[in-house]
Every structure is written in structure tokens, then in C-alpha cells.
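Take a look at the structure set out below.
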Amino acid sequence: MQTSSYHSVTSVIFDKNTQNHTSIAIWLLICCALVFAMVVVGGVTRLTGSGLSIVEWKPIVGTIPPISQGDWEILLEKYRQIPQYEQINKGMTLDEFKGIFWWEYFHRLLGRLIGLVYFVPFVYFMVRKRVDRVLGTKLLGIFVLGGLQGLMGWYMVMSGLADNVYVSQYRLTAHLGLAFIIYAAMFWVATGLLSPVNTHSADPASVRKLGRFARILTGLIFFMVLSGGLVAGIHAGKAYNTFPLMDGFFIPPALFVLEPWYRNFFDNITTVQFDHRMIAWLLMFTIPLFWFKARQLSLSWSGRLACHLLLIMLCTQVALGITTLLLSVPLTFAAAHQAGAVLLFTAALWVCRKLS
């Protein structure tokens, strides 16, 4: 009788924990979807040259958009004071200004929405003691990263308000990289709550070895994302619009024309695009190799599915990247390429989770 009662209590506790974990995981995945949208909107904001249209940072008051004609005139006048207007958009009409303003406004508004969607459930779960100390620490860490991302966004915008017509490529890349880190943290915690144990028929040592390979690939994809941030930051995609060669060269001659030499990796259009291409080539060889190795093991169906999706997303992303380059970075394909980077990264994270 005591044994039966013990099992009943244990079952109730287990079911309650499972429900809590499922709720938290769904909430985190919703936040992931919002961050995905944020990355895409941020990419469009950059591609349309809209990022400097709002020259102030007002986290609360800035939520209210301009309503009257006077409000719009004030905002346009503030924009006229920065170098980008003087050197690129001089003579811009109010209607033209509205076109770039709304992209930056929605980008910031989406950032505020993400903060709200994360903060309110986070406080609820903590107050109701739905999370243990370990999980609570992870969720708090993600919240702190989100706050830092808001500061990083404004720090990036500041770099284009005084002396430059565009934001710093260093700060842009840091802003993009931090978005991917936040996304990865939420996705990893969520998938861990949904599927804490993986069952494979394959030899555990072989699965661990494949898992190490997957983590290396994920790191390489993240590194490629950072490289893409530099490409975007210095508009390197507008040059060398040929493939597979760079205007007739596999290794172009202008790779190290800047001094000191290390500046070329960040400021030289030729070198920055070359680096991005080389990382892409490396992934084009290593991910299919990983896929073939995974096929040789008896993985779970979800593990096999994750590996298939990784290969599919690689092919999709390569096609989008080449098309974007050949067409000199059109808005639609460039935005799709940035979205593809998130999806490729997601597939790699899921593979790592399935092999962990």
C-alpha cells in the first residue's frame, strides 16, 4: 500500500515538472521566433539604409510613433544633423524619410516586444517557483544578455551619428553575433527541456565523436555569421559579383593592401569577402562529410531528421548566397540569405542537441 502511494506521489510530481518544462520550452521557442524576426527586420533595416533614421534612444517614450506633421518635421530635422544625410541623402523629402524611418521604428519596437514577452513570463515562472535554481540561473543569464543587446544596438547606432555615414562594422558584427548567442541560448534550453534524453542504437562512443564534429560545425557556422556581419558592415557584397571566382581570381591580388596587415581582415572589402567565401567553401565540404558519417550510424529518427535538415539548409543557404552575390545584393535575396543563416544555425544547434 505504501509503495503504491509513493509511486502515485512520484507520478504526480513528475507530470507537474513535465508540464512546467513544456510550458517554459514553448515560451522560449516563441521568443526564438521573435528573435528570428528581429534578425530579418534588422537585416532589411540595414539594407534599406534605415538604421540611422532615429538619432535618439528613448526606450519608453520612443514607443510612441510620430503622429502630427510637426512631429515628423522635428524627426527629419534631427536626421539632417548627421553626416549620413549630408553626404548621402541630402535633399531627402519627408515622404522619403518616412520610408526609412518606419523600418528602424519597427526594428526597435520588435526589440521592446521581445523584452516584454521574455520578462513577464520569466517573472511569473520565478514567482510561482516553476523553475529550479539551475534553470532559473540560465533564464536570468539570457535576460541579462537581452539587456546588453539593447545597449549594444544603441552603441552601434552612435557610431554613425558623429563622423561616419554608416555604423561601425565592428559594432554591427557584435550586435549580430550577440543576437545569435541569445537565440542559441534560448533554443538550447528549450530543446533540452523538451527532449532531455536521446536514445540511439549506435555505439555511444561513435555518437559522442559525431557530436564533437557537430559542435565544430556549429562554431564554424557562427564564425561565418560574424564574417557576414563584416561583409554587410563595409558593403563588401557590392564588389566581386562573380562566382566561383572573384573577378577572374580564386585568390584575388588585393588581399593585404592595408597596414598594419591585420586591418585587412576587417576593413578590406576584398579580404572580408574572400574570408566569407572561404568559410562557405569549408562548410560546403564538411557538412556533407558530416552527413555521410551520420548515415553510417543507427541514430534515432529525430537525430537523422536533424542531420537531413542541416544538409538541406546548407544547400539552400549556399544557393541564396550565390544568387545574392551575382545580383549585387538585392533586398529580397539579401534578407532571405540572412534568414537562411539563422535557419542553418538552428539546424546545427538541433543536431548538437540530438547528439548530446
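Backbone N, Cα and C define each Cβ position, glycine as well.
As the structure is a computational prediction, the values presented were derived from the model and not from experiment.
There are 23 other Cβ atoms within 10 Å of the Cβ belonging to HIS337 (heme binding site). According to Swiss-Prot, the heme binding site annotation covers HIS276, HIS337.
Taken from Swiss-Prot, the feature transmembrane segment covers 24-44 (among others), and the record attributes it to sequence analysis. Within its own chain, the transmembrane segment (24-44) has Cβ neighbours under 8 Å at 50, 103, 106-107, 110-111, 113-114, 117-118, 121, 125, 130-131, 135, 175-176, 179-180, 182-183, 186-187, 189-191, 193-194, 232, 331, 334-335, 338-339, 342, counting only residues six or more beyond its boundaries.
The transmembrane segment annotation in Swiss-Prot covers 106-126 (among others).
Look at Swiss-Prot and you will find 139-159 (among others) tagged as transmembrane segment, backed by sequence analysis.
As annotated by Swiss-Prot, transmembrane segment applies to 174-194 (among others), with the evidence given as sequence analysis. Remote same-chain residues near the transmembrane segment (174-194) are listed as 21-22, 24-26, 28-29, 31-32, 35-36, 38-39, 42, 135, 138-139, 141-142, 145-146, 148-149, 152-153, 156, 222, 225-226, 228-229, 232, 342, 345-346, 349-350, 353 (criterion: CB distance under 8 Å, separation of at least six residues from the stretch ends).
For 216-236 (among others), the entry in Swiss-Prot reads transmembrane segment.
Swiss-Prot lists 272-292 (among others) with the feature transmembrane segment.
Sequence-distant contacts of the transmembrane segment (309-329), counting only residues of its own chain at least 6 positions beyond either end whose CB sits under 8 Å from a CB of the stretch, comprise 47, 217, 237-238, 240-243, 280, 283-284, 287-288, 290-291, 336-337, 340-341, 343-344, 346-348, 350-351. Look at Swiss-Prot and you will find 309-329 (among others) tagged as transmembrane segment, backed by sequence analysis.
Marked as transmembrane segment by Swiss-Prot: 331-351 (among others). For the transmembrane segment (331-351), the list of distant contacts is 36, 39-40, 43-44, 47-48, 180, 183-184, 187-188, 191, 214, 217-218, 221-222, 224-225, 228, 237, 303, 306-307, 309-310, 312-314, 316-317, 320-321, 323-324: same-chain residues at least six beyond its ends, Cβ to Cβ under 8 Å.
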Folded-back contacts onto the transmembrane segment (106-126), same chain, C-beta under 8 angstroms, at least six residues removed: 20, 24, 27, 30-31, 34-35, 37-38, 41-42, 45, 50-51, 54, 59, 62-63, 136, 139-140, 142-143, 146, 149-150, 153
HIS337 (heme binding site) - helix vs strand vs coil (DSSP): helix
Long-range Cβ neighbours of the transmembrane segment (216-236) (under 8 Å; 6 or more residues past either end): 43, 46, 166-170, 172-173, 175-177, 180, 184, 266-267, 269-270, 272-273, 275-276, 279-280, 282-283, 286-287, 290, 310, 338, 341, 344-345, 348-349, 351-352
